[in-house]
Amino acid sequence: LFLGIYLAALLDNGLIITAIACDHRLHTPMYFFLLNLSILDLGSISTTVPKSMANSLRDTRAISYSGCAAQVFFIVFFILAEYFLLTVMAYDRFVAICRPLHYATLMGSRACVKMAAAAWGTGFLNAVLHTAGTFSIPLCQGNAVEQFFCEIAQILKLSCSDSYLREAGVIVVSACLVLGCFIFIVLSYVQIFTAVLRIPSEQGRHKAFSTCLPHMVVVSLFVSTIIFAHLKPPSISSPALDLVMAVLYSVVPPAVNPLIYSMRNKELKDALRK
(Lines of atoms letter the chains of each structure in order from A and count residues from 1; the text may use other names and numbers.)
(Lines give C-alpha, C1' and ligand atoms only; values in the text may rest on other atoms or scores of the structure.)
Protein backbone atom coordinates (compact mmCIF):
# COMPACT_ATOMS: atom_id res chain seq x y z
CA LEU A 1 0.00 0.00 0.00
CA PHE A 2 2.77 2.45 0.98
CA LEU A 3 4.77 1.59 -2.16
CA GLY A 4 1.73 2.29 -4.37
CA ILE A 5 1.01 5.63 -2.66
CA TYR A 6 4.70 6.62 -2.75
CA LEU A 7 5.10 5.81 -6.47
CA ALA A 8 1.88 7.73 -7.24
CA ALA A 9 3.19 10.76 -5.30
CA LEU A 10 6.56 10.61 -7.10
CA LEU A 11 4.89 10.34 -10.51
CA ASP A 12 2.18 13.01 -9.92
CA ASN A 13 4.47 15.61 -8.35
CA GLY A 14 7.30 14.85 -10.76
CA LEU A 15 4.98 15.44 -13.73
CA ILE A 16 3.71 18.73 -12.29
CA ILE A 17 7.26 19.98 -11.56
CA THR A 18 8.39 19.03 -15.09
CA ALA A 19 5.31 20.54 -16.79
CA ILE A 20 5.59 23.86 -14.94
CA ALA A 21 9.37 24.09 -15.44
CA CYS A 22 9.20 23.28 -19.18
CA ASP A 23 6.06 25.16 -20.30
CA HIS A 24 6.66 28.92 -20.46
CA ARG A 25 2.88 29.56 -20.38
CA LEU A 26 2.86 28.26 -16.81
CA HIS A 27 5.55 30.68 -15.62
CA THR A 28 3.02 32.68 -13.54
CA PRO A 29 2.80 33.25 -9.75
CA MET A 30 0.08 30.62 -9.23
CA TYR A 31 2.10 27.88 -10.94
CA PHE A 32 5.36 29.02 -9.31
CA PHE A 33 3.75 28.40 -5.91
CA LEU A 34 2.30 25.09 -7.14
CA LEU A 35 5.82 24.03 -8.19
CA ASN A 36 7.06 24.80 -4.66
CA LEU A 37 4.12 22.87 -3.20
CA SER A 38 5.00 19.78 -5.27
CA ILE A 39 8.64 19.95 -4.12
CA LEU A 40 7.50 20.16 -0.48
CA ASP A 41 5.08 17.26 -1.01
CA LEU A 42 7.89 15.11 -2.41
CA GLY A 43 10.07 16.03 0.56
CA SER A 44 7.45 15.26 3.21
CA ILE A 45 6.44 11.85 1.85
CA SER A 46 10.10 10.88 1.22
CA THR A 47 10.92 11.61 4.88
CA THR A 48 8.58 8.94 6.31
CA VAL A 49 7.49 6.33 3.77
CA PRO A 50 10.81 4.92 2.40
CA LYS A 51 12.16 4.26 5.92
CA SER A 52 8.87 2.62 6.94
CA MET A 53 8.93 0.39 3.83
CA ALA A 54 12.59 -0.54 4.40
CA ASN A 55 11.82 -1.52 8.01
CA SER A 56 8.84 -3.57 6.84
CA LEU A 57 10.99 -5.47 4.31
CA ARG A 58 13.67 -6.13 6.93
CA ASP A 59 11.03 -7.07 9.54
CA THR A 60 12.36 -4.54 12.04
CA ARG A 61 11.08 -1.37 13.74
CA ALA A 62 14.49 0.13 14.54
CA ILE A 63 15.65 3.68 13.81
CA SER A 64 18.81 5.35 15.12
CA TYR A 65 18.62 8.32 17.50
CA SER A 66 20.13 10.66 14.87
CA GLY A 67 17.81 9.17 12.22
CA CYS A 68 14.81 9.87 14.46
CA ALA A 69 15.97 13.47 15.04
CA ALA A 70 16.42 13.94 11.28
CA GLN A 71 12.91 12.59 10.65
CA VAL A 72 11.38 14.98 13.20
CA PHE A 73 13.28 17.92 11.67
CA PHE A 74 12.34 17.20 8.05
CA ILE A 75 8.69 16.25 8.67
CA VAL A 76 8.11 19.46 10.69
CA PHE A 77 10.04 21.50 8.12
CA PHE A 78 8.15 20.19 5.08
CA ILE A 79 4.67 20.15 6.67
CA LEU A 80 4.86 23.64 8.19
CA ALA A 81 6.54 25.13 5.09
CA GLU A 82 3.69 23.62 3.03
CA TYR A 83 1.08 25.13 5.33
CA PHE A 84 2.69 28.61 5.13
CA LEU A 85 2.92 28.21 1.35
CA LEU A 86 -0.81 27.40 1.20
CA THR A 87 -1.38 30.70 3.07
CA VAL A 88 0.67 32.54 0.43
CA MET A 89 -1.34 30.78 -2.31
CA ALA A 90 -4.58 32.03 -0.68
CA TYR A 91 -3.16 35.58 -0.82
CA ASP A 92 -2.28 35.06 -4.51
CA ARG A 93 -5.88 34.03 -5.32
CA PHE A 94 -7.22 36.96 -3.24
CA VAL A 95 -5.13 39.49 -5.20
CA ALA A 96 -5.97 37.84 -8.57
CA ILE A 97 -9.74 37.99 -7.99
CA CYS A 98 -10.26 40.95 -5.63
CA ARG A 99 -7.43 43.27 -6.81
CA PRO A 100 -6.89 42.25 -10.47
CA LEU A 101 -5.59 45.68 -11.56
CA HIS A 102 -2.84 45.55 -8.89
CA TYR A 103 -1.93 41.89 -9.52
CA ALA A 104 1.14 42.53 -11.68
CA THR A 105 2.49 45.02 -9.11
CA LEU A 106 1.76 43.01 -5.94
CA MET A 107 2.70 39.60 -7.37
CA GLY A 108 5.84 40.44 -9.35
CA SER A 109 8.55 37.80 -9.70
CA ARG A 110 10.67 39.28 -6.89
CA ALA A 111 7.68 39.42 -4.51
CA CYS A 112 6.77 35.80 -5.31
CA VAL A 113 10.32 34.60 -4.63
CA LYS A 114 10.36 36.50 -1.31
CA MET A 115 7.00 35.01 -0.24
CA ALA A 116 8.06 31.46 -1.15
CA ALA A 117 11.39 31.98 0.65
CA ALA A 118 9.51 33.25 3.72
CA ALA A 119 7.37 30.07 3.75
CA TRP A 120 10.45 27.82 3.47
CA GLY A 121 12.38 29.91 6.01
CA THR A 122 9.56 29.92 8.59
CA GLY A 123 9.20 26.15 8.22
CA PHE A 124 12.97 25.72 8.68
CA LEU A 125 13.06 27.91 11.81
CA ASN A 126 10.10 26.05 13.34
CA ALA A 127 11.74 22.69 12.52
CA VAL A 128 14.98 23.74 14.28
CA LEU A 129 13.08 24.89 17.39
CA HIS A 130 10.89 21.75 17.55
CA THR A 131 13.77 19.34 16.99
CA ALA A 132 15.98 21.06 19.58
CA GLY A 133 13.09 21.24 22.06
CA THR A 134 12.05 17.61 21.60
CA PHE A 135 15.51 16.04 21.75
CA SER A 136 16.70 18.10 24.72
CA ILE A 137 14.11 16.27 26.86
CA PRO A 138 15.24 13.27 28.95
CA LEU A 139 13.22 10.16 28.05
CA CYS A 140 12.14 8.02 31.02
CA GLN A 141 9.46 5.78 29.46
CA GLY A 142 11.56 3.52 27.24
CA ASN A 143 12.38 4.01 23.55
CA ALA A 144 9.42 2.53 21.67
CA VAL A 145 7.62 5.14 19.50
CA GLU A 146 4.08 3.96 18.71
CA GLN A 147 4.04 5.30 15.15
CA PHE A 148 5.48 4.42 11.72
CA PHE A 149 7.76 7.50 11.92
CA CYS A 150 9.21 9.67 14.69
CA GLU A 151 6.29 11.93 15.57
CA ILE A 152 6.76 14.63 18.22
CA ALA A 153 3.52 13.76 20.06
CA GLN A 154 4.63 10.12 20.43
CA ILE A 155 8.17 11.07 21.55
CA LEU A 156 6.75 13.41 24.23
CA LYS A 157 4.84 10.44 25.67
CA LEU A 158 8.25 8.91 26.51
CA SER A 159 9.48 12.01 28.35
CA CYS A 160 9.76 12.54 32.11
CA SER A 161 6.64 14.07 33.66
CA ASP A 162 7.63 17.77 33.89
CA SER A 163 10.46 17.98 31.39
CA TYR A 164 8.45 18.60 28.22
CA LEU A 165 7.30 22.12 29.15
CA ARG A 166 9.95 23.79 26.96
CA GLU A 167 8.77 21.92 23.86
CA ALA A 168 5.15 22.55 24.90
CA GLY A 169 5.95 26.29 24.77
CA VAL A 170 7.33 25.96 21.23
CA ILE A 171 4.21 24.00 20.24
CA VAL A 172 1.97 26.79 21.61
CA VAL A 173 3.90 29.43 19.61
CA SER A 174 3.63 27.31 16.43
CA ALA A 175 -0.07 26.69 17.07
CA CYS A 176 -0.70 30.46 17.35
CA LEU A 177 1.18 30.99 14.07
CA VAL A 178 -0.83 28.23 12.37
CA LEU A 179 -4.10 29.65 13.75
CA GLY A 180 -3.19 33.11 12.45
CA CYS A 181 -2.53 31.67 8.98
CA PHE A 182 -5.81 29.74 9.09
CA ILE A 183 -7.79 32.90 9.98
CA PHE A 184 -6.02 34.73 7.12
CA ILE A 185 -6.96 31.94 4.66
CA VAL A 186 -10.61 31.96 5.81
CA LEU A 187 -10.89 35.77 5.56
CA SER A 188 -9.25 35.70 2.11
CA TYR A 189 -11.80 33.18 0.85
CA VAL A 190 -14.74 35.07 2.34
CA GLN A 191 -13.67 38.12 0.30
CA ILE A 192 -12.92 35.96 -2.78
CA PHE A 193 -16.40 34.39 -2.77
CA THR A 194 -18.02 37.78 -2.21
CA ALA A 195 -16.14 39.14 -5.25
CA VAL A 196 -16.87 36.05 -7.39
CA LEU A 197 -20.62 36.23 -6.74
CA ARG A 198 -20.57 39.82 -8.06
CA ILE A 199 -19.11 38.72 -11.43
CA PRO A 200 -21.98 39.14 -13.94
CA SER A 201 -21.07 36.39 -16.42
CA GLU A 202 -21.50 32.73 -15.51
CA GLN A 203 -18.33 31.84 -17.43
CA GLY A 204 -16.33 34.35 -15.37
CA ARG A 205 -17.69 32.92 -12.11
CA HIS A 206 -16.90 29.37 -13.24
CA LYS A 207 -13.31 30.30 -14.15
CA ALA A 208 -12.78 32.04 -10.79
CA PHE A 209 -14.19 29.10 -8.83
CA SER A 210 -12.15 26.57 -10.82
CA THR A 211 -8.89 28.26 -9.75
CA CYS A 212 -9.93 28.59 -6.08
CA LEU A 213 -11.77 25.33 -5.29
CA PRO A 214 -8.70 23.03 -5.61
CA HIS A 215 -6.79 25.22 -3.15
CA MET A 216 -9.73 25.17 -0.72
CA VAL A 217 -9.98 21.36 -0.90
CA VAL A 218 -6.22 20.97 -0.28
CA VAL A 219 -6.26 23.38 2.69
CA SER A 220 -9.36 21.71 4.21
CA LEU A 221 -7.88 18.20 3.90
CA PHE A 222 -4.52 19.31 5.27
CA VAL A 223 -5.80 21.35 8.23
CA SER A 224 -8.66 19.03 9.29
CA THR A 225 -6.47 15.90 9.47
CA ILE A 226 -3.66 17.65 11.40
CA ILE A 227 -6.11 19.26 13.87
CA PHE A 228 -7.93 15.99 14.50
CA ALA A 229 -4.66 14.03 14.82
CA HIS A 230 -3.24 16.33 17.48
CA LEU A 231 -6.32 17.73 19.25
CA LYS A 232 -8.58 14.68 19.45
CA PRO A 233 -9.78 13.81 23.01
CA PRO A 234 -7.68 11.18 24.83
CA SER A 235 -10.84 9.08 25.37
CA ILE A 236 -10.97 8.13 21.65
CA SER A 237 -7.20 7.83 21.19
CA SER A 238 -5.77 4.44 20.26
CA PRO A 239 -2.62 3.23 18.43
CA ALA A 240 -4.69 2.20 15.40
CA LEU A 241 -6.48 5.58 15.18
CA ASP A 242 -3.20 7.47 15.71
CA LEU A 243 -1.68 5.48 12.82
CA VAL A 244 -4.62 6.20 10.48
CA MET A 245 -4.55 9.94 11.30
CA ALA A 246 -0.76 10.12 10.78
CA VAL A 247 -1.17 8.47 7.36
CA LEU A 248 -3.98 10.92 6.49
CA TYR A 249 -1.91 14.04 7.19
CA SER A 250 1.60 12.90 6.22
CA VAL A 251 1.13 10.37 3.38
CA VAL A 252 -2.20 11.02 1.62
CA PRO A 253 -1.94 14.79 0.86
CA PRO A 254 1.35 14.55 -1.14
CA ALA A 255 -0.25 11.85 -3.32
CA VAL A 256 -3.64 13.54 -3.89
CA ASN A 257 -2.65 17.25 -4.07
CA PRO A 258 -1.44 17.02 -7.71
CA LEU A 259 -4.66 15.23 -8.71
CA ILE A 260 -6.82 17.88 -7.00
CA TYR A 261 -4.94 20.75 -8.68
CA SER A 262 -4.86 19.23 -12.17
CA MET A 263 -8.44 17.88 -12.22
CA ARG A 264 -10.16 21.19 -13.07
CA ASN A 265 -7.17 23.03 -14.56
CA LYS A 266 -7.17 23.06 -18.38
CA GLU A 267 -3.79 24.83 -18.71
CA LEU A 268 -2.05 22.27 -16.51
CA LYS A 269 -3.76 19.34 -18.27
CA ASP A 270 -2.59 20.67 -21.66
CA ALA A 271 0.98 21.09 -20.37
CA LEU A 272 0.96 17.55 -18.93
CA ARG A 273 -0.28 16.12 -22.25
CA LYS A 274 2.53 17.95 -24.10
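These residue numbers are counts, starting from 1, taken along the chain as shown.
Just so you know, glycine gets a Cβ as well, placed from its N, Cα and C.
The annotation domain 'G-protein coupled receptors family 1 profile' is assigned in TrEMBL to 12-261. Sequence annotations record features per position, and here TrEMBL assigns transmembrane segment to 31-50, 62-86, 171-196, 208-231, 243-263.
Put simply, of 31-50, 62-86, 171-196, 208-231, the stretch with the most CB pairs closer than 8 A to the transmembrane segment (243-263) is 208-231. Of the two recorded stretches, the transmembrane segment (208-231) lies close to the transmembrane segment (62-86), with three or more CB pairs under 8 Å once pairs fewer than 6 apart in sequence are set aside. Under 8 Å from some Cβ of the transmembrane segment (171-196) lie the Cβ atoms of residues 80, 83-84, 86-87, 90-91, 93-94, 97-98, 122, 126, 129-130, 152, 205, 208-209, 212, 216, 219, 223, all in the same chain and six or more residues away from its ends.
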